[in-house]
Amino acid sequence: MSFVRDAPAPFNNPRADVVLRTCDGVDYRVRSSILAEASPVFGDIFDLASEAPSEALSEWPPRKDGIPIVSITETSEVADILLRFCYPVAAPTFTTFSQVQDVLTAVDKYLMEGLIEVVKKHLTDISLDGAHPLRLYATAYAHRFEDVARIAAKETIGKPLQTVYVTELESLSAGAYYWLLEFHKTGKADVIPEVPFLSVDPSRTSARPPPGPHSRTAWISKYASPYPFGLPFADFTLRTCDGIALRVHSDLLRVASPYFRLMLADTSQSIEGIEKDSDGRIIGLVVPEHSNTIATVLQYVYPVERPDSLPDPQTASLLLYAAKKYDVVPALAPLQAMFLAFAAEHSLVIYAIACARYWVHEARHAALASMRMPLDDLCYVDELEAIPASCLYRLTQHRNTLGNMARRMVLSQAQEFLKQLTQPSSQGVCKYYAWVYCMECRADTAVTLCRAGTKSSGLRKWWCDWLRRIAELLREVPSGQTVLDEQAIVCAVKDARDCPICRVDADTELRRYAKELSIKVDAMLVHEMSRITFF
């Protein structure tokens with residue numbers, strides 16, 4: 001460290017017996033006995049430092065004026081506040097919310113149980129610079145403070161939430177974020193939620209692990225053992241986590257998988273789990289997957305029956321993950337198709353699994369599938385605990401963006417019709433529809449070519465009303481299927497029956513046009529989704 005400076009009083013006392021050096025180069029002279037009482041972690045560190053030899057040639061710990069230096073990862077700003085809580089001096093004050101977060105993290109790190117409640121009470125001070133209910137909620141989640149989470153949730157009432165992004169969303173679980181959003185929808189601060197906000201232990205989700213094995217009682221791999229993975233002339237063994245030895249043919253693995261082709265081609269490489277014979281030839285590999293998973297993926301390599309369906313998205317994800325991991329080319333497309341097939345009914349499950357696995361294509365597909373239903377119909381799923389809240393935040397934000405794009409696209413259809421009406425070359429195409437060629441019923445005042453409020457040349461009001469109704473529905477449910485909303489069509493046709501011209505073909509033509517428009521909307525959504533990222 002190029003420049004080191006001493007901390008101000010009371011942490012510059014020459015009678016101190018330990019120096020704490022912060023990551024930004026500030027030396028705090030402290031009494032080890034005081035910190036050891038506050039923190040067993042500091043107590044152990046100081047014991048090690050005191051037991052080290054004090055000769056000049058000793059490399060650890062480094063010394064300053066003959067006393068040991070212990071380096072810590074905290075900044076001087078955090079260290080100063082933390083140490084003042086330990087010393088018999090005036091209590092420190094916080095000016096920013098980030099200070100409270102960092103000090104609380106240090107309190108947890110050094111196991112200072114006596115300071116948890118002291119620092120915790122400062123969390124709920126919304127007047128601190130940078131404080132926000134969502135940041136407070138995420139911090140409560142990180143430290144498992146259910147009482148603070150409830151306070152934070154109540155603070156969100158009456159304030160924007162769904163459109164707010166804070167960096168803490170990257171460490172908050174999507175599951176905890178989901179329950180906060182559900183509470184916020186009630187608009188009532190005095191409502192007691194049925195489910196605790198922090199009902200799931202974050203220790204199993206904080207590192208973004210892929211979803212673990214799920215119950216597969218409805219499905220057992222048909223060829224787990226022995227046939228065709230136990231034939232005596234097989235020359236390679238895959239040993240699975242459940243103790244099954246699958247004997248396979250290395251030539252088939254080479255053809256089907258670039259992963260195995262490279263592994264088997266270079267016998268000098270060192271890969272964890274590889275087994276070699278006395279001649280150094282690779283003859284086996286220990287894999288962390290279950291035999292059911294490996295055997296099913298290998299069914300796409302061998303000339304045997306292959307599964308035509310899977311029982312649940314969790315099983316499908318395990319198989320697709322293994323196929324991708326080992327690059328088993330024949331298995332990739334069919335397993336991906338079976339995995340994505342679950343998106344129709346389990347879109348949020350598929351989306352969460354895809355985000356946890358960092359599967360871009362699958363996440364986009366699931367996101368589109370989720371947009372075929374109202375946002376309020378997306379229910380909580382366990383898989384949300386394996387992804388950060390930022391993934392759920394981006395899903396809702398992109399949904400809003402695409403909904404507005406679909407709305408604008410549909411509303412623009414009226415202007416497209418009017419534009420074509422002014423071009424003689426395209427009039428034959430436009431006038432195919434009753435709402436264009438009819439001159440009897442009332443034209444829409446917003447999109448007419450002539451004087452407003454008259455039965456003039458232009459688009460019929462009943463059709464324009466339908467278009468606006470569909471546009472508003474698309475804002476909430478951005479999907480081509482929304483354009484085919486039966487209630488909207490029925491209402492439009494009912495209005496058209498008042499016209500002797502439109503009533504003849506309104507139902508048939510409107511349904512035909514709705515199908516065409518539905519296809520256009522879906523194509524636009526797919527195109528825009530191809531440019532979106534969720535993680």
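Yeah, the Cβs are placed from backbone N, Cα and C, and that goes for glycine too.
According to TrEMBL:
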type   : residues : note
DOMAIN : 16-87    : domain 'BTB'
DOMAIN : 234-302  : domain 'BTB'
Kindly state the mean pLDDT of the domain 'BTB' (16-87) in the predicted structure.
87
For the domain 'BTB' (234-302), DSSP counts of helix, strand and coil?
23 helix, 16 strand, 30 coil
Secondary structure tally of the domain 'BTB' (16-87) (DSSP, helix then strand then coil):
30 helix, 16 strand, 26 coil
